[in-house]
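Down below is the structure, laid out as structure tokens.
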């Protein structure tokens, strides 16, 4: 009996779908454990949890057809990705000229947001590259396998690096704002800037080290099939960027996924809650004559802009959290727009830095206007 990944083929019940190529969904007899594979009975690759852009678009792309002949969902996606890239470019430019001003760097938040204005642009740029790489290489049968392999091994890990790094920078902003509100007039601005500089240097190294394994285990799974799903000479080749983790690495990868997605999520959530409830409770001890509910409302009104930012980031991070934890047995074609929307929304924080952090703040808006006037004056000279 042929074995695969500690299970025997005889232990599985195979479902062959009627797609344009052989696609096998493998279900273990235990209904609580499902595994999906691509390929055919003699050439299988098991898919792990989570959906990538490759998984979502793979069945929708028409081989050897230009973009003008692709289905509507691909055309609309291409337009949205291009629009998001342009919006990200504008967002990063406006954010950068705001936070490069020394007035915005009086505390660590300004340094975090200056770094975020750069990483957000790099994130949305890699998202743009990722989308077009998947589309162009999948619709062109003549794409060299080396191009598939180089893109598979590099683009997705680099995209994840910038995305996670940017998420942690936003979490740092939320944490420092909560700490600033808590300390009040005793907040040490100089120490805040020093800590921020060290974190901006150390944090990307920590993030990168957590998923170095992706550069090693990511590879292109290739198989050739004819129109009826039988492997023959000169059949059409299919290439899919996949990961081939061992059980131990898969467990580690899942833990890292939770850390990078739940970490900023929790940091933003508890920072927002602390600003409202924690500070209100602390002040109620010194202002005993005031009602706690009144103090909570007062804190909310006073620090509204500090609460809006993390809550918006929370909402935008949920879709990525969901699609990253979906089981391998998901047919993305059945709910294509749902999965595409969730994937695209997860990159929205990278194009909303200015609207989330600058627009609600009177101080940052004043800094932006001053910096923008200086920039326009320099460009006219």
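Cβ atoms are placed via backbone N, Cα and C, with glycine included.
According to TrEMBL:
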- 90-357: domain 'G-protein coupled receptors family 1 profile' (DOMAIN)
- 76-99: transmembrane segment (TRANSMEM)
- 111-133: transmembrane segment (TRANSMEM)
- 194-216: transmembrane segment (TRANSMEM)
- 255-280: transmembrane segment (TRANSMEM)
- 306-326: transmembrane segment (TRANSMEM)
- 338-359: transmembrane segment (TRANSMEM)
Sequence-remote partners of the transmembrane segment (194-216) [C-beta within less than 8 Å, at least six residues beyond its ends]: 107-109, 111-112, 115, 153-154, 156-157, 160-161, 164-165, 168-169, 172, 176, 243, 245, 249, 252-253, 256, 259-260
Interface present between the transmembrane segment (338-359) and the transmembrane segment (76-99) (three or more C-beta pairs under 8 A): yes
Positions on the same chain near the transmembrane segment (255-280), where near means CB under 8 A and six or more residues out: 50, 164, 167-168, 170-172, 174-175, 177-178, 181-182, 207, 210-211, 292, 295-296, 298-300, 303, 306-307, 310-311, 313-314, 317, 320-321, 324-325
Integer average pLDDT (0 to 100) for the domain 'G-protein coupled receptors family 1 profile' (90-357): 82
